[in-house]
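This report refers to the structure that appears directly beneath it.
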Protein chains: 2
Amino acid sequence: MSEFRGYTGKSLEFLKNNRITVGDNVKILADLTYLGIIMPRYEHSDDSHLVLKLKSGYNIGLEIEKIKKIEITSSPKKNIEKVESVEKNPNLPKILLLSTGGTIASKVDYRTGAVTPVLSAEELNSSVPELSKIANMDAEVLFSEYSENIMPEHWLKIADKLKEHSNSDYSGIIIAHGTDTMHYTSSFLSFALAGFPIPIALVGSQRSSDRASSDAALNLIGAVKFLIDCKTNGVYIVMHQDENDETIACHFGTRVRKNHTSKRGAFQTVGDDPAFIVVNEQVQRNARNNFFKVKEFQPRIKINTKVALIKYHPGYDPSLLEKIIEMNYDGIIFEGTGLGHIGKIMYGNVKKANEKGIFLGMTSQCIDGRVRMTVYESGRDLLDLGIIPLENMIPEVALVKTMWTLGNFQDRNEIKKIMLENIASELSD
Amino acid sequence: MSEFRGYTGKSLEFLKNNRITVGDNVKILADLTYLGIIMPRYEHSDDSHLVLKLKSGYNIGLEIEKIKKIEITSSPKKNIEKVESVEKNPNLPKILLLSTGGTIASKVDYRTGAVTPVLSAEELNSSVPELSKIANMDAEVLFSEYSENIMPEHWLKIADKLKEHSNSDYSGIIIAHGTDTMHYTSSFLSFALAGFPIPIALVGSQRSSDRASSDAALNLIGAVKFLIDCKTNGVYIVMHQDENDETIACHFGTRVRKNHTSKRGAFQTVGDDPAFIVVNEQVQRNARNNFFKVKEFQPRIKINTKVALIKYHPGYDPSLLEKIIEMNYDGIIFEGTGLGHIGKIMYGNVKKANEKGIFLGMTSQCIDGRVRMTVYESGRDLLDLGIIPLENMIPEVALVKTMWTLGNFQDRNEIKKIMLENIASELSD
């Protein structure tokens, strides 16, 4: 029954009556005329829709009752169901795709319905055939984890693998990654591989590829175009800019957050436009973009994870900070209020932490804007207690940067210096 | 020298040459023509600007070199320097202002330059004289704290004081409050005083009143207009909508965050427009506004502060959660990743917390969007471990609601029920 995979009830009957099976290229007349491929369906499917993959790579759901006419234009089922070997075109640039898991790096097995990792360039090209027209894709699976299970150890693995390719002939490297913690990973790579000679794009998707409106293919295509045409290096997150399919946004890996749980345009550059956008196949640079990048590639792939993030709030019990001190943490990032404040109730423990030599950095839970601790008395008190104001560094980025700095540098003054130095556009004007 | 308070060098000379002193009403011809009052200056002043308070209440800085002409229109210095008693107009609605501290509730003492709390309706009216034209203002100082030092005990004090006025003839009540933690306070009041018969507006300012471009006066005037004309109840935060002075935004107290460290439009309703705006002296309701409010006033002014907020991130050490369990916390709010996830590494301790009867709620560090824990396997695992998904409740609000719920209800099932019930618009569609 794989030819009607996932279709039941009314939708199954509709397909049978029209002698159409999954994988057929069809032309559908409904409110508009649609050209595309009938996609299989999976769990939680209703029986009143067909799912159609449009040429753009976008999946849509069409209500059967509204379909006036459907006809087969061709039946290239085998192209979909079977892995085909893709001929390489020596004139195209080379792109490497490293997959780490998450929806983006998965391919639905049309026989079993299971989501499996993309294993080869061939499989990748068969799920997003547009890629083979713009680049010669190599692919490698590093591991397969949902991103909430990505740990700092995984960051090290990814960085080590990238380092191996620092002298390769790739035009750029894609890291397929779950979206939940993609911005933490992009931060670490930005610091650990600052100055890496070719651009790196982390790409995810917010909708799995078997669902209508999956963004996986467009994000991948956008990322490949970006890597080929951006004419710069650095670590970026490349995702839909918003709900439409016109624009793919390329965010600096250290200035970006997942700001929405489910929207396709979930990632945003904090306080600015994205560094680049890909629109109408053109890569456009943000004119105001004067972000900073180090020139020389000097990998530093070590980490110290004894860093805590404290989001201060009314009712925060300072004995929690006391426990962190007792547990021999080496760094604490505060997500303070407003311009970078925490209540007076914390001062005693902060003093103790400072005396113990723990690195203390201040960011703001406002997320946008700049920490300024000289405006109010309370900020000045905190400066006296040894807390370093981290400018407009995003709290999550400050956390990762502290882990990285404490892993690669020992001297206390040097640590402070590095934390305030712009390594990978984590600070902006 | 109080007549030239704060002016030095070039600016002092300029004032003397033109026989102008602080408090004079002047007409200034520069790039445009300005009408306003010469304001005193305080610390960190340069000597190249005059500060002028416009009729709108807005302070601007004017460069002396660009002033072509300056003339006195009147010299009502005494109105500014001396507290005058304000005649009440029995036809105007009554508004109560409770002050708790922060820049907004302060008045610059023109003799000493010190920032002191507003002590009386008279002093309030003399610093924002526009208020007496639209309302009879009563004022009371509850306490005077920067908002980073506001603790849950202060929330209780404010709530108790408001409760005293639940049967008064006020049209509404203003709470002047520092901006840093204003949204935590507004959340608590929303729950503790759900159904309070008259509207309550928390008002702050992002610029102290002695600085050019202070937003204090306009926010207060907007709040009074809102309270008089909104024709509803509830707890709101009333602040500039953006950098211009056209629009004052009125946010539901449970759907709002301080999202920028310094901008005047720092507060934003998460995922929606503000509930109301005041523009051109008109109060406009957001048409899409179908937020929820309980009908009956039933104050519940208790709190249990043994609630921890855990922002999960790669590298989070589960032994921190272990400590929280050991410290006998009664509730934990997770700021998970994406749709509401935390790493598998946490499962063992989460299970333990659940078995101990600790309330476990899930929100998202994305801030915008809705937690949905049935999409991925990992979310379903967390549901099985007893974590309650808190829909689209903002993490900070979920924290405060948990403190409030655990303070006022005992039964474990009732606590879960209340946490998912829409008490004060903390949940939306």
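Heads up, the Cβ atoms here are built off N, Cα and C, so glycines get one too.
Note that the coordinates shown come from a computational prediction; the quantities given were computed from them, not determined experimentally.
Listed features, source TrEMBL:
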- B:THR103: active site (ACT_SITE)
- B:THR179: active site (ACT_SITE)
- B:ASP180: active site (ACT_SITE)
- B:LYS258: active site (ACT_SITE)
- B:20-72: domain 'GatD N-terminal' (DOMAIN)
- B:94-286: domain 'L-asparaginase N-terminal' (DOMAIN)
- B:306-419: domain 'Asparaginase/glutaminase C-terminal' (DOMAIN)
Sort B:THR103 (active site) into helix, strand or coil using the DSSP assignment. helix
CB neighbours of B:THR103 (active site) within 10 A? 24
What three-state secondary structure does DSSP assign to B:LYS258 (active site)? strand
Cβ packing number for B:LYS258 (active site), 10 Å threshold: 29
Cβ under 8 Å from chain A: which of the active-site residues B:THR103, B:ASP180, B:LYS258 qualify? B:ASP180, B:LYS258
Could you give the mean pLDDT over the domain 'L-asparaginase N-terminal' (B:94-286), rounded to a whole number? 89
Counting by DSSP, what is the helix, strand and coil composition of the domain 'Asparaginase/glutaminase C-terminal' (B:306-419)? 51 helix, 22 strand, 41 coil
So, by DSSP, how many helix, strand and coil residues make up the domain 'GatD N-terminal' (B:20-72)? 3 helix, 26 strand, 24 coil
